[in-house]
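The transmembrane segment annotation in TrEMBL covers 12-31, 81-99, 134-152, 164-190, 202-224, 261-281, 293-312, 318-337, 349-367. Residues or ranges marked as domain 'Glycosyltransferase RgtA/B/C/D-like' by TrEMBL: 63-220.
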Amino acid sequence: MSRVLERIESSWLGKASVFLIALAVRLLGIHSRPFHYDDVFSIFLAQRSLPEIIQGTAADTMPPLYYFLLHYWVQISDTDWFIRLLSILLSLLAIGLLMNWVQEMSDSRTALVAGFLAAISPFHYYHAQDVRNYALLLSAQTAFLWFFVRLWKSQDQPFSRRAGDWIGLALSGTVAMYTHNVAILGLAPAPLYLLFRRKWNFLLQVVVAFLLIAIFSVPWLAILPTQLAKIQYDWWLWRPGVVDWLQVPLVWVTGLPLTGIWLWIGALVALETFVLVTWEFSRRHVAGEWTGFLWVVMLVIPVLFFTASYLFKPVFVPRGFILSSFAFLAMAAHGIVQRWQQGGGKIILAGFVLGALIGIPVQANFLDFPRAPFRQVAHELAARITPGDLIVHENKLSYFPVKYYRPDLPQVFLADIPGSGNDTFARGSQEAMQIFPQPDIQRAVQGARRVYFVVFQQAVEDYQRLGFGEHPVLVWLRSHAVEENRMNYRDLWVYVFRFP
């Protein structure tokens, strides 16, 4: 039996099995999960010309590479499942690179276990279906670390035999820079680790590679200050604290959000698994000389995000340091393999499997704010709309998905309050997509006979909680029209008003 396992581990069959499991998991709910605002923002921008994409991203907070890829991808097919397939394929690429990276640091068995943990991770399942740039970012950053480890191991070889890895290091770093504006934080562990280890010669070589990455990124770095200013002005995140750190293991093991009893069970499973992984990994140095490097990748990136959140602007979100989750999975894989016979490895693996069983169904079926059953809303409104009717969305979060599913419907959305945390749809992005908000409800409903006002329950309750009473748009509509009905789609509400 052991010989069979060894053959599977060392052959293509092992990695193929991991890819098949990952693909099967990532196809769950691909038809039923509706697009939300961020998904549709990417789609609408990708449907524009390349110059318009550059204009739209320059006014936003992200570089354009992912939107370029999506631009050509949707020209093949614009069906929902095919649009999601791009991120799924990029996620599979990231898993393959993870296995290569871990195998360079240890062995094929540990690499396969790491790949399996990523395959069933609720966190990576979510981002594999998300129509955003995080699967591409993860692939680029993981490739960067893989090339870094290969270069570390081949320091005594002539440059001619290492040139391909240096090119790969520079290109993967450049791809990361053109994918996400804080990608540099995911590349930082490599030189920082060399600094800690006082590997001055190799550090100097890596610094030269970073200079090449900076040179390759110059066209976009010229726009970066404007985008960083927009992040400083627009992002609504709060400064992180202890609770935010405690949520990280939940995100990595079970995924969030969880509610009710599942939150408590998920927290117990995630924290127990996290503690066991870090305990086994730290006390036994199961990764050999790479133990310290994995610690640096797992901890330094979140710490950099945490520090930036206090020095500049809150940016502490787990998807930003998604690469750290791969380092955690690599640590877990080492613990599972090295401590399997003693029982600790079995407990760690059970924690991840239980986390997947809890988290993946929640991720596949979660339809509360900022998500909602937008496809159902769009088609049911289409069945009700008659000439003279108008759909007014309280903000862009519901307008974008409903417009995607039924672009033929008469609908508008109201502008965000200028300077508020929700005021994130930049004028440049509006012009690139040719999508513009209405300044207020009075001008939005001019000439309408009946209005369907779409608003999230949270927006209504926010006004009440802050002491402002009813939502001002509802106050105006009730004073100028007759309220006929309210339809509830989970926590997305649709009010129906008829003007006399």
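Even glycines carry a Cβ here, placed using N, Cα and C.
Here the domain 'Glycosyltransferase RgtA/B/C/D-like' (63-220) has a mean pLDDT of 95 out of 100. Contact counts against the transmembrane segment (293-312), taken as Cβ pairs under 8 Å, peak for 318-337 among the stretches 12-31, 134-152, 202-224, 318-337, 349-367. Note: the stretches the transmembrane segment (349-367) and the transmembrane segment (261-281) are in contact (3+ CB pairs below 8 A, sequence gap of 6 or more). Touching of the transmembrane segment (164-190) and the transmembrane segment (261-281) is ruled out by the presence of fewer than three CB pairs under 8 A, sequence neighbours closer than 6 excluded. Only residues 6 or more beyond the boundaries of the transmembrane segment (134-152), in the same chain, are considered here, and those with a CB under 8 A from a CB of the stretch are 65-66, 69, 87-88, 90-91, 93-94, 97-98, 100-101, 104-105, 124, 127-128, 162, 165-166, 168-169, 172-173, 175-176, 179-180, 183, 186-187, 189-190, 202, 205-206, 290, 293, 297, 319, 322-323, 326. Residues 94, 98, 101-102, 105-107, 109-111, 113-114, 117-118, 121, 123-124, 127, 134, 137-138, 141-142, 145, 180, 182, 185-186, 247-248, 251-252, 273-274, 276-278, 280-281, 286-287, 294-295, 297-299, 301-302, 304-305, 344-346, 348-349, 352 of the same chain sit 6 or more residues outside the transmembrane segment (318-337) yet have a Cβ under 8 Å from a Cβ within it. Beyond its flanks by at least six residues, the transmembrane segment (261-281) meets 246, 249-250, 252-254, 287, 291, 294, 328, 331-332, 334-335, 338-339, 344, 347-348, 351-352, 354-355, 358-359, 362 of its own chain at Cβ-Cβ distances under 8 Å.
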